[in-house]
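For Gly13, Gly14, Gly15, His16, Ala17, Gly18, Val125, Ser180, Gln371, the entry in Swiss-Prot reads FAD binding site. Per Swiss-Prot, NAD(+) binding site is recorded for 274-288.
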Amino acid sequence: MIYDYGYDVIVVGGGHAGVEAASASARIGAKTLLLTHNIDTIGQMSCNPAIGGIGKGHLVKEIDAMGGVMAKAIDMAGIQFRILNSRKGPAVRATRAQADRVLYKKAINSLINNQENLDIFQDSVDDLVVENNTVCGAITKTGITFRAKKVVLTVGTFLGGKIHIGKVSNAGGRAGDQPSNALAARLRSLPFRVDRLKTGTPPRIDRRSVDFSVMEVQHGDNPTPYFSFFSKGKIEHPRQIPCYITYTNNETHKIITDNLDKSAMYSGLIEGIGPRYCPSIEDKVVRFADKERHQIFVEPEGLNSIELYPNGLSTSLPFEVQCNYIRSIKGFEKAFIMRPGYAIEYDFFDPRDLKPTLETKHIKNLYFAGQINGTTGYEEAGAQGLVASINAAISIDSDKSWYPTRADSYIGVLIDDLITKGTKEPYRMFTSRAEYRLILREDNADLRLSDKACELGLLSKEDQQHFISKKNAIIENIAMMKNTWIGPQTQKARDLEKFLDKKMTRESTLFDLLKRPEIDYSKLQQISELNLNLQDDAVIEQIEISAKYSGYIERQNKDIEKTATLEQKAIPTDFNYSQVKGLSNEVLQKLTEQKPTTLGEASRIPGITPAAISLLTIYMKKTGFIK
């Protein structure tokens, strides 16, 4: 049965990538259908009950700057907020929030259920309608065909999903959900490179069986920060509660090493490679055998939940072994496991087969986002869903495209890494992956991206007004401070000198004075003659960072200008690299396989040398491809 409701975009999957994808295309104005196997699990946190962290928090802020829902949802559902690296520079500071699972899912649903242009339908997708190498729709398990101009696949770990607890394995997309085996088989029949990855989750523990008195208490920050640039004064956080910290010990490690042969990972049952930066407890004990203990964060699953998430104890060991090693840990001596931990392996598709828009190179109008591309994490998934669906929506009746770059966002770093380097293990974002960290800060994500969001129609009128007002306030106040001079013999100078290490000897602007480490905006405000009455903390923060890091920021902007030349030089999709004399067979093979869209993208493919880029540039100039 064919249902042609005139959909522009179909999004398959209601996880974190799917939610951002469906919301983005609908906000732009595309008639959007979200297909999910279960409406009740839309926005569900399948693994850890938290949003953000190092690198990940930056992604959430960028999603928010583009009008996404993740930051607002966690502001509505967060039960503990912390700024990580708060004593370090602004480039590496990151927000992290503990979530109430129930409240988070409720928040997500409240945001998308009120979204215009968005329909939601419950059914699994088993097949795609593909005509002349172009996707035209999706076919559900019950035989319904929905036609659309674009399809975005955000299917998480459901493609060929297999759950492992010890040597017991069963098919599943996650605990309690069936996998998408028919869709996995269909995708394998298409000309994509496919492989397997693995991830895992720890056992859940009944909080009533835990002794918190012997654990370290971890409180959130006060005042409580907000994730969204648009939440303050509009959204009230739920009640805030602490997390706890405990540690494994030698007994824990002995129990695990004595039973490694029973682990699905170590017995050879699992083919897929697991996440390097979120390893199972078995991996940690083996890889870091010299460590006497490993830190475990004991995280509540919600204000009204009795379940605890022991972050750091992901496992594929048998249930009996899980019980034994859990009870060897301080505070868990009488722990009752409510849900066993498990590992899950699933299909992913080589992201080098994608364009920077996340459209596939082999099937037109088909986009991949999230774990299907080899990433791990809610934040990485949401970022990809956003970009994929933006491009699906804006290219419906034109050849328009937009994608972030390494110079303007961590989302750009994420996508560029995936499409140029691919991945052999679940990819996680870190600040260390970015070249321009001082420019790509959490605090200025809106200043970097919200202008584009306004242009694309992604922000509500209210959020647009908030952003424009903030941006104008920053510009106006910085200009004023750069044009306000203080002479060394004035009363203002004498008032200032109580904050300075030495007397003023020359005339300085307020902006230059703010560059000094001993001066901040609040001290300048104490000088009544200056009439500095600004009260907006977010605006003040941008003024201070602009002053104190001005030299470094200028240097990074110059570096960006140098690399921008290559990024602007497009390579035609049908370019014949064999005509370029001097390219090695390895370089020729890689360029032909990956079909980079720009010289900049080509330069970042592993194995592509600067000499090869020079040869390519010279040839393209000679033949008129670039000027």
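Every residue, even glycine, has its Cβ placed from backbone N, Cα and C.
Everything Swiss-Prot records as a feature, shown here on the structure.
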residue: Gly15; record: FAD binding site; Cβ contacts under 8 Å, 6 or more apart: Gly43, Gln44, Ser46, Thr154, Gly156, Gly370, Ala381
residue: Val125; record: FAD binding site; Cβ contacts under 8 Å, 6 or more apart: Val12, Leu35, Ala138, Ile139, Thr140, Lys141, Ser180, Leu183
residue: Arg276; record: NAD(+) binding site; Cβ contacts under 8 Å, 6 or more apart: Glu425, Pro426, Arg428
residue: Cys278; record: NAD(+) binding site; Cβ contacts under 8 Å, 6 or more apart: Thr199, Ser314, Thr376, Pro426, Arg428
residue: Ser280; record: NAD(+) binding site; Cβ contacts under 8 Å, 6 or more apart: Gly200, Ser263, Met265, Gly274, Ser314, Thr315, Ser316, Ala343
residue: Glu282; record: NAD(+) binding site; Cβ contacts under 8 Å, 6 or more apart: Ile256, Leu260, Ser263, Met265, Tyr266, Thr315, Ser316, Leu317
residue: Lys284; record: NAD(+) binding site; Cβ contacts under 8 Å, 6 or more apart: Lys291, His294, Gly312
residue: Val286; record: NAD(+) binding site; Cβ contacts under 8 Å, 6 or more apart: Thr257, Leu260, Tyr266
residue: Phe288; record: NAD(+) binding site; Cβ contacts under 8 Å, 6 or more apart: His294
residue: Gln371; record: FAD binding site; Cβ contacts under 8 Å, 6 or more apart: Ala17, Val155, Gly156, Thr157, Leu197, Tyr346, Phe348, Ala381, Pro426
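Here the binding-site residues are Gly13, Ala17, Gly274; the one with the fewest Cβ atoms within 10 Å of its Cβ is Gly274. Put simply, the two farthest-apart Cα atoms among Gly13, Gly14, Gly15, His16, Ala17, Gly18, Val125, Ser180, Gln371, the recorded binders of FAD, are 18 Å from each other. DSSP assigns Val125 (FAD binding site) to a strand in the three-state reduction.
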